[in-house]
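So that you can see what the record holds, here are the features copied from Swiss-Prot:
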type    : residues                                 : note
BINDING : Ser38, Gly39, Gly40, Leu41, Asp42, Ser43 : ATP binding site
Amino acid sequence: MLFLYRDEAVLTLDAFEQCLKDCFPQGLNGKKTAVALSGGLDSVVLLHLLVCAGKRAGFVPEALHIHHGLSPRADDWADFCRNYCDMLGVGLETVKVCVEKNGLGIEAAARQKRYAEFAEKGFDVLALAHHRDDQIETFMLAVARGGGLRALAAMPAVRPLGENGIIWRPLLPFSRQDIWDYARKHGLPNIEDESNTDTAYLRNRFRHRILPELSAQIPHFGRHVLNNVRALQEDLALLEEVVVQDCRWVCGAGYFDTARWLTFSPRRKTHILRNFLKENGIPVPNQNALADIARVLTEAKTGRWNLQGFELHHYAGRLFVFASEQLAKPAFLKDGTISGNLKKILTEHRFVLKRHPFGLPEAMLEQDGILRTVAASDTLAVGGIHKNVKKILQGKRVLPFLRPIWPLVADSGNRPLALANCCADFQISVSDGILPVHPDFPILF
């Protein structure tokens with residue numbers, strides 16, 4: 001969603017409510033809504049506006065304060081937020097976090113931690129108090145750091161948060177001065193972060209030195225920047241529409257089809273890969289890493305990549321994503337084997353007992369047995385011939401990296417009875433019997 005930036009915009013409750021209606025035509029009633037409250041002027045004003053709008057419309061917002069512990073005054077800020085929320089009659093949740101740089105600057109690390117907490121809280125709508133001047137600064141920072149289209153498009157008014165929520169920035173149409181004027185008019189208190197004047201931080205250098213000089217030299221400089229941001233956001237939105245359509249075609253059969261992906265131009269292939277990773281919850285790697293993935297998909301029949309807690313596998317013309325723990329021994333088999341009543345231990349560990357033309361007799365599942373992973377010596381009768389279970393898995397075209405951890409059902413003497421999701425031993429199978437099926441071990445071909 002794009003906002004129009006107008007120099008004559010004045011921040012009033014009516015103007016704010018119009019922004020709310022533009023974004024949420026059905027209103028916020030029934031939505032779990034919160035403001036990220038730092039105690040600074042911008043978030044103080046935003047919470048006041050949302051509380052006033054809520055009184056008119058019949059919804060009650062909450063507030064969320066992230067205690068980073070980076071300032072010696074951090075406890076004072078938390079106290080201020082609690083007192084301010086008490087004054088407004090809204091609930092406040094304060095979350096203490098430990099900021100670790102992990103190769104990032106302190107600002108970026110704090111922001112990363114903050115947004116991670118935002119995503120975990122399960123809000124339908126989380127309102128952030130970024131305004132028009134913040135947007136200009138964000139664009140200029142992206143220019144200075146060599147950002148691409150996504151960085152130069154700066155901050156969207158609305159973007160996804162977690163699984164089902166959204167981040168909403170309703171103050172983007174308004175300037176820092178508009179917010180000051182509103183606060184003075186309503187007598188709102190606030191605290192000042194001492195780091196906001198520290199020009200050792202690049203954003204503050206832009207705010208206090210570079211942007212004032214550019215604005216003095218170039219008439220309507222801020223307006224020009226915002227026009228650029230709006231145009232770039234439109235280009236980005238169009239690009240994302242095209243990429244989504246491309247991905248739907250590449251993954252149209254329910255999986256990432258490498259042959260289909262190869263029909264695209266190099267640029268579109270890169271964007272499809274990036275979108276595929278993002279849709280699967282994988283942090284998108286840098287351009288060089290994406291290029292390496294694309295090269296292997298193009299030139300080799302197989303490939304494997306470790307990506308921050310995930311594994312990407314290229315096999316048989318398809319690209320697969322697994323959480324790293326999925327490729328370790330199943331959690332329910334971490335101690336090696338599970339013994340007991342077969343029906344009980346299978347259902348307790350998320351197996352579905354499905355009807356199968358050649359499945360296990362139901363009476364057999366009422367007996368004691370063993371649940372474990374396959375062993376090199378395991379065999380099952382298939383069509384009257386005993387086959388090694390790993391050959392059976394290979395014949396089913398189970399992914400090679402899943403074969404060593406595949407679940408097997410055995411009797412109390414450890415004789416294999418059935419290979420999960422695949423087949424039961426033919427010599428003991430019955431018509432319309434039972435085959436144990438686990439959702440984490442799909443037969444993909």
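Note: Cβ is positioned from N, Cα and C throughout, glycine not excepted.
Where Swiss-Prot records a feature, it is marked here on the structure.
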residue	record	Cβ contacts under 8 Å, 6 or more apart
Ser38	ATP binding site	His65, Ile66, Trp77, Cys81, Ala129, Asp193
Gly39	ATP binding site	His65, Trp77, Phe80, Cys81, Tyr84, Asn190, Ile191
Gly40	ATP binding site	Ala129, Asn190, Ile191, Glu192, Asp193, Asn196
Leu41	ATP binding site	Ile179, Trp180, Ala183, Leu188, Asn190, Glu192
Asp42	ATP binding site	Ala129, His130, His131, Leu171, Arg176, Ile179
Ser43	ATP binding site	Val35, Ala36, Leu37, Leu128, Ala129
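Other than the site residues Ser38, Gly39, Gly40, Leu41, Asp42, Ser43, same-chain residues with C-beta atoms no more than 8 angstroms from the centre of those residues' C-beta atoms, the ATP site, are Leu37, Val44, Val45, Ala129, Asn190, Ile191, Asp193. Taken residue by residue with DSSP, Ser43 (ATP binding site) is part of a helix.
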